[in-house]
Amino acid sequence: MHLCSISAVSLIAVLATTSATAPPSLRGVDPLLLDKYVADAHSNFACLDGSAVIPFARVNDDYCDCLDGSDEPGTSACNNGTFYCANVGHMAARISSSKVNDGICDPQCCDGSDEWDSGVTCPDRCAEIGQSHRAEEAARRDNELRGAGRLQALAAEARELKVEKQKELVEKRLQLKEAEEEFAAAEAVKDELEARQKAEKELLDASVEGRRLKLDEQHLADLNAYRRHLSSELHALRAHSDALVLLLRSVRNEHNAEFNDAAVEQAVSAYAAFLEEHPYVEAAALEYADEEPAQREARERTDDADAETSDGASYEACNAAISIYENERETVLGDVEMFYGLLDTLRQGYNKNYHDLAVKAAVVGLDEFDVRRASDLDRVREKADALGLDGLVQRVAEARAAYEALAAEEATQAESMDSKAKSVSQTDDSEQSLDEQVNEARTRYWDLQSQKNTLRNAVSTLDELLAKDLGPQDVYLPMDGQCISLDAGEYTYEVCLLDRATQISNKDGSRQSLGSFGGFGEASGAVDYKVHKYTAGTKCWNGPQRSLTASFECAEEVKLLAVSEPEKCEYHAKMAGPFGCPLQAADGGSSDLPEMTPIDGDGAASHSAAEAVHDEL
């Protein structure tokens with residue numbers, strides 16, 4: 001008799017016979033196999049694998065006769081056998097025969113039928129467990145239903161949004177074409193006016209060119225020598241400033257606030273107030289700390305070589321660089337004195353009875369800094385003496401005055417020529433000078449170039465978006481780039497859909513890239529749109545580049561549930577959202593977002609006709 005051919009009432013009766021009160025020969029038998037556990041005409045039983053034929057009386061006699069263990073479905077005699085728990089009121093289950101009568105109430109046999117002869121009485125909890133399980137399943141199905149509804153809404157929203165984006169792309173392309181034409185015309189006007197302006201300037205420059213060349217021959221070498229000296233001095237001052245900032249930063253971040261040391265609090269408070277106005281100084285100091293001395297020297301040499309090329313060729317460039325260096329020197333020197341004063345006051349006044357390691361380390365660091373600064377200043381003085389700095393500074397002042405006088409003369413001549421040009425070409429008071437025309441043409445040129453670039457970027461962004469794989473029916477389009485975060489204690493994790501993943505320290509706010517979106521997952525040779533892969537993140541110390549794989553389970557709202565790191569710098573994110581739900585295809589068929597398949601627990605059977613009856617009990 002096959003199970004499918006019996007009525008629900010009969011099936012209930014059959015299931016009942018498989019409980020602890022069933023005939024011994026049928027104890028532990030799966031109802032689907034009951035027709036196999038009937039004695040033949042010779043009162044024999046055939047092992048299900050065909051390995052032997054034995055007297056039916058030896059079924060469930062606590063001795064294993066069949067190689068597949070099928071003759072002992074209700075005992076623990078066969079180590080490869082299985083015992084069937086009917087679990088009326090819940091879900092039927094199969095457990096290993098080794099768990100039968102072992103004195104332990106197996107949780108998979110909620111009806112307690114596995115302990116029929118161990119002396120242990122296991123209560124039948126199937127009605128309670130089944131009711132709870134059905135409530136959970138109902139909640140899960142309701143959640144999936146709402147999630148699937150949200151996914152359908154996203155698909156509908158995506159269709160409308162895609163049409164809007166396509167329309168916007170057409171409009172932006174037309175605007176870009178017009179902007180490019182306007183830009184080309186403005187560029188032609190600008191070039192023509194600049195050519196006229198250049199011709200007039202060359203005429204003006206011819207009268208003073210010889211004098212300028214003579215000034216360059218006389219003074220440009222001194223100006224460059226002074227510029228190089230300022231650069232060398234700045235290298236030392238910047239290093240001093242960065243070293244002091246690192247000492248103050250360590251005190252601020254690592255001192256023991258419970259000691260209530262007034263000197264420490266004063267230094268920390270003053271330094272914090274400085275950072276409020278100059279937040280960038282710590283970033284510069286940390287970059288300095290990351291450099292080896294040899295790397296720093298190589299970088300400074302490269303910077304000096306670049307400056308020699310860009311700033312050493314003309315008076316204007318050299319003089320501008322000198323002014324910048326002089327201003328920066330005063331600023332950095334003031335910072336150094338302020339930082340040093342804070343640390344020196346701390347060194348003199350901190351409570352030496354407190355065992356504050358951060359403060360003591362800063363004091364030792366300041367002592368070492370004193371030695372280093374004295375050495376650096378000695379080197380600077382030696383270079384200044386070798387250069388004859390006092391005389392050089394005087395010559396630079398004289399040179400700058402001479403250049404300024406020549407520039408004033410050039411301006412006077414230019415004004416005179418411009419007045420002559422205006423008197424010739426001017427037809428009324430509203431006529432613009434050539435310089436004004438050039439400035440206006442340049443302004444229009446740059447405005448149109450900015451407009452053109454903005455439109456070009458917009459077109460490129462729309463092209464990329466519309467060419468992007470946004471899932472079946474473009475369901476990811478409405479939420480493309482939206483960021484979801486999770487505070488996990490030490491870190492906050494942020495996943496921006498189809499864009500990037502980031503790890504943010506809750507201690508200092510530092511950010512580590514966990515990768516940029518590199519594509520969806522793959523399952524059975526097909527794209528798995530429930531899995532996102534973010535790759536090529538920040539490289540781990542002595543390890544690979546960080547990466548993150550995000551997997552969605554079905555839910556109505558998008559949430560980041562948990563983040564783990566099963567392998568070094570390889571992160572897994574568990575996410576919830578409609579993207580983990582089944583999606584009805586636009587044509588009524590099944591989409592390529594696979595449906596979620598419930599996974600049974602260890603040893604649990606999948607739903608069968610018998611289990612469907614159990615669920616209704």
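Start at 1 and count along the chain as shown; that gives each residue its number.
Including glycine, each Cβ sits where the backbone N, Cα and C put it.
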Inset, instruction - Among 151-209, 328-386, 446-504, 505-563, indicate the range for which TrEMBL gives the feature coiled coil. - result: 151-209
Legend entry - the domain 'MRH' (481-583) - residue tally per DSSP class, helix then strand then coil: 3 helix, 67 strand, 33 coil
Inset, instruction - Note the mean pLDDT of the coiled coil (151-209), expressed as a whole number. - result: 89
